[in-house]
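Visitor: This is the structure, below, for whatever I ask next.
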Amino acid sequence: MITLYNTLTRQKEVFKPIEPGKVKMYVCGPTVYNYIHIGNARPAINYDVVRRYFEYQGYNVEYVSNFTDVDDKLIKRSQELNQSVPEIAEKYIAAFHEDVGALNVRKATSNPRVMDHMDDIIQFIKDLVDQGYAYESGGDVYFRTRKFEGYGKLSHQSIDDLKVGARIDAGEHKEDALDFTLWKKAKPGEISWNSPFGEGRPGWHIECSVMAFHELGPTIDIHAGGSDLQFPHHENEIAQSEAHNHAPFANYWMHNGFINIDNEKMSKSLGNFILVHDIIKEVDPDVLRFFMISVHYRSPINYNLELVESARSGLERIRNSYQLIEERAQIATNIENQQTYIDQIDAILNRFETVMNDDFNTANAITAWYDLAKLANKYVLENTTSTEVIDKFKAVYQIFSDVLGVPLKSKNADELLDEDVEKLIEERNEARKNKDFARADEIRDMLKSQNIILEDTPQGVRFKRG
């Protein structure tokens, strides 16, 4: 039984899907005017884990994440680079797939784009105007916020609270300062589309409402995104969607915490703005992913090199223990009286599932993985090992790897295959027996250059990848 924290109700709730065995999930994606930063990577990774865990529990997940390919930032970038908005969007959509692919994020079921849904957006806005929820003014179209009675229910703010500080900017023609834009009148030189309201382009909030509606229907199970989107973006999505669809927009709302850089908010002005495109050249993407899930998704996370190094060390510990298990699989036998270890492995798996069922607590799930590694390290020191126990270890390691999306072997592990390493170790042993120490040292140095470290153990020479 999976429980998750619902921002809408401010409490944990048992997940009950609209359709048995199926999860309809919408995650707000990036505005594709630049490479994504690590703040964008966090929701991509966190909600990928959520999806993976639902699938592990037998659900069919329809996972939709959009691309905002029409926006003020894109238009500004287009003018700076003297390139068309579609050209820039295509470049950074491709870059997004490359970056999150390196972080082992699975491809979405669908990645809708605003430009592909322009006719749908225009019709959606027209429907809202016809229903009295929106109005045209000065070439723009605005949503009548006060007409939607539930406005503020996600961010838990009242209309009176929101009215304080609300204002009408120059050039706006709103009836009320709280109203927000659905359609923007075209400006000279900007990309625009024909509509019943005149030339223009959609506002940001309406885009997600329409794409979610056309991809997943009037009501979805889970809508997710960063905490910064809770208000006004997600609040406005609810207002538009529920006014139009006459049905709840999403049953569960999930929001992930912020990322700080050395305990400071990430911003261009502070010079601590980190692009995934750049950082994965310096930090192993598997380590970056492991670091991101080492903290519960709703908690803020602090990024610095010391903490990333700690994550690298922790992942290495897990991988080294798995390598030991794989090595012992070669000499394991069918021996009895191993139920104690089977029971201990099952207990760790049960704990992993328990903490993941509790609002996808990846931090505690990783603790369970460490405990599995500790037990594995203990088991391989036994004089004899059981095929049944070794297979059980391998199966549970694979479950943890699949759910958390962290591979059991480094992407560089195939530079020199394990069997090739074993052959070189045998050759080195023979060289040492024959007192050919020059050759033995040559092999050791060659392995070291491949980041392979040799260790003498009671069972003979073994290796690990550094």
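Using N, Cα and C of the backbone, Cβ positions are placed for all residues, glycine too.
When I checked Swiss-Prot for this same protein, it listed these features:
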BINDING   C28, C208, H233, E237  Zn(2+) binding site
BINDING   K268  ATP binding site
MOTIF     30-40  motif ''HIGH' region'
MOTIF     265-269  motif ''KMSKS' region'
Visitor: By Cβ distance under 8 Å, which residues at least 6 away from the ends of the motif ''HIGH' region' (30-40) in the same chain are close to it?
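Guide: Sequence-remote neighbours of the motif ''HIGH' region' (30-40) are 67-69, 71, 73-74, 76-77, 88-89, 92-93, 95-96, 99-100, 226, 258-259, 266, 273-279, 288, 303.
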Visitor: What is the total of other Cβ atoms whose distance to the Cβ of E237 (Zn(2+) binding site) is within 10 Å?
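Guide: Excluding its own Cβ, the number within 10 Å is 27.
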Visitor: Six or more residues beyond either end and a Cβ under 8 Å away: which residues meet both conditions relative to the motif ''KMSKS' region' (265-269)?
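Guide: Result: 37-39, 258-259.
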Visitor: Would you please pick out, from the binding-site residues C28, C208, the one with the fewest other Cβ atoms within 10 Å of its Cβ?
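Guide: Counting other Cβ atoms within 10 Å of each of the binding-site residues C28, C208, the minimum falls on C28.
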Visitor: For H233 (Zn(2+) binding site), what residues in its own chain, 6 or more apart in sequence, show a Cβ-Cβ distance under 8 Å?
Guide: C28, W204, H205, C208, G225
Visitor: Name the secondary structure element type, per DSSP in three states, that contains C28 (Zn(2+) binding site).
Guide: coil
Visitor: Tell me whether C208 (Zn(2+) binding site) sits in a helix, a strand or coil according to DSSP.
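Guide: In three-state terms, C208 (Zn(2+) binding site) counts as helix.
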Visitor: Using an 8 Å cut-off from the Cβ centroid of C28, C208, H233, E237, can you name the remaining same-chain residues around the Zn(2+) site, in sequence order?
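Guide: In sequence order, the nearby non-listed residues are W204, H205, E207, S209, H223, G225, L229, H234, N236.
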